[in-house]
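Participant: I'd like to ask you about the structure that follows.
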Amino acid sequence: MGDRRSGGRSNEWGRTVAGALSRGQRDALYELVAAGELTEQQARAAVEAVEAEGRARDSARARNVLVEIAGYLGAALMLVGGLVLVSGLHDTLARPARVGVMAGLTIVFALIGAYLGGGGRGLRERARDPGVRGRIVATLFALAALTAGTAVGIGTPDQGTLLPAVGTALVVALLGYLALPAVPGLLAVAIAAVAVVREFANLWVGPEYSPYHDGTFLSAHNITALALLALGIVWTALALRGLFVAPRLALALGVIILLLGAHWPLGGSYELWSYPVLALVAMALLAGFARRRDPVLLVGGLIGAMLLVGEGLSDLVDSDLLGALIVVVLGAVLLFGGAVGMRRAKRGGGVERDTSGRTGHQR
C-alpha cells in the first residue's frame, strides 16, 4: 500500500515535471532524484521556480507587446489629430497657426523620443539592441521627420516646389536615424531621399517646361531616372558593405530604388536608353547573386529581367498574344536548359551551393 502511495506521488511529481521542463531537463532531474542527489520535494521546488520564471517572462513579454502597441497608437493618433486639425480648419486657422501645429508635433515627437531613449547616452547604448522602447523611439523620430516636412510645406506654398519640405524631412529623418539606427528610421530616410530626388528633378527642369524639355534628353523623367539610379547605386553599395541597420532590408530598399530608376523613363515616355540601362541593372543584380548568394539580389534581378522583357515586347510586338507566346517559349527554353545543366552536373559529381554559402553534393 505504501508502494502504491509512493508510486502515486512519483506519478504526480512526474506530471508536474513534464509540464514545466523540456525532455532533456526532465531526464537530468530524474537522474538526480534517482541518484539521491535531490529529494522529490527539492526537485518539485526547482520545478516551481522554473514555472514562476516562465510565467514572469511570459507576462513581461505580453506587457511589452501591449506597451509597444500603445506607443504606436498614441503616436499615430497624435499625427492624425494634427493633420485633421490642419486640414479641417484650413480656412479658419491662419497659415502661421497651421505651421505651428505641425512644428509643435515635431517638437513633441522629438522630445518624447529623446526622453524614452534616455538621452544621448541612452540612445547610444540602445543602438546596439533597440528592443521595444527603441522601436517606439525610432518611430517617433520618423514621425517627427514627416511633421517637420509638412510644416515647411505649409509655410512655403508659393515656392512652386516641395523640395524645401522633403529636404527638411530628409534632414530630420537622417538625424533621427543617426541618433538611433532602427528600421523605422531607415524607411523614413529611404522614402525622403526618393522624394528629394524627384523634387530636385522637377526643380532642375522647371515647372514651365514640358516633361520632354522641348524634345531634348533633359526631361523630367530622364533627370529623375538618372538621380534615382545614382541614389540606388550608392545605397546598394552601402548596404552590401553592411553600413545600415537591418542589412537585408537596406539592400532590398537599394534594389527597389535601382529598379525604379531604370524603369522610370518608360512610365511616361518612350525612351530607348532605358532598355540597356534596365538590362545592365538586371544583369548586375544577377551577377551579384552569383557572387554573394543573397536572395534579395536574385529577386531584384528577376524582376528587372521581367520588366525588360515585358516592356520590350510591348514596344516591339503589336500582338499581345504573340508577345505572350514569345515569353512562354523563351522561359521554357531557359528552364529546360537549366534542368539539363543540373542533370549533367549531377552525373559529373558537381556540388551545389545554397543561399547561405554552404556547399553540398548534388542528390
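A Cβ is built for glycine as well, from the same backbone N, Cα and C atoms used for every other residue.
OK, TrEMBL features for this one:
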type	residues	note
TRANSMEM	65-85	transmembrane segment
TRANSMEM	97-116	transmembrane segment
TRANSMEM	136-156	transmembrane segment
TRANSMEM	162-180	transmembrane segment
TRANSMEM	187-205	transmembrane segment
TRANSMEM	217-238	transmembrane segment
TRANSMEM	245-266	transmembrane segment
TRANSMEM	272-289	transmembrane segment
TRANSMEM	296-314	transmembrane segment
TRANSMEM	320-340	transmembrane segment
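Just tell me what is around each of these and how deep it sits.
Facilitator: When Cβ-Cβ distances below 8 Å are used as the criterion, the transmembrane segment (65-85) is approached by residues 93, 101-102, 105, 108-109, 132, 135-136, 139-140, 143, 146-147, 150 of the same chain, each at least six residues removed from its ends.
Same-chain residues lying 6+ beyond the ends of the transmembrane segment (97-116) with a Cβ under 8 Å from its Cβ atoms: 75, 78-79, 82, 85-86, 89-90, 123, 133, 136-138, 140-141, 143-144, 147-148, 150-151, 154-155, 172, 176, 179-180.
For the transmembrane segment (136-156), the list of distant contacts is 68, 71-72, 75, 79, 82-83, 86, 95-96, 98-99, 102-103, 105-106, 109-110, 112-114, 116-117, 123, 126, 130, 162, 164-166, 168-170, 172-173, 175-177, 179-180, 182-185, 187-188, 192: same-chain residues at least six beyond its ends, Cβ to Cβ under 8 Å.
Same-chain residues lying 6+ beyond the ends of the transmembrane segment (162-180) with a Cβ under 8 Å from its Cβ atoms: 106, 110, 113-114, 117, 123, 126-127, 130, 134, 137-138, 141-142, 144-146, 148-153, 156, 186, 188-189, 192-193, 195-196, 199-200, 202-203.
Sequence-distant contacts of the transmembrane segment (187-205) (same chain, six or more residues past either end, CB-CB distance under 8 Å): 141-142, 145-146, 149, 161-163, 166-167, 169-170, 173-174, 176-177, 211, 213, 218-220, 223-224, 227-228, 231, 235, 253, 257, 260.
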Participant: Within the same chain, where does the transmembrane segment (296-314) have neighbours whose Cβ lies under 8 angstroms from its own Cβ atoms, ignoring anything closer than 6 residues to its ends? I mean 6 or more beyond.
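Facilitator: That would be 248, 251-252, 255-256, 258-259, 262-263, 266, 275, 278-279, 281-286, 288-289, 323, 326-327, 330.
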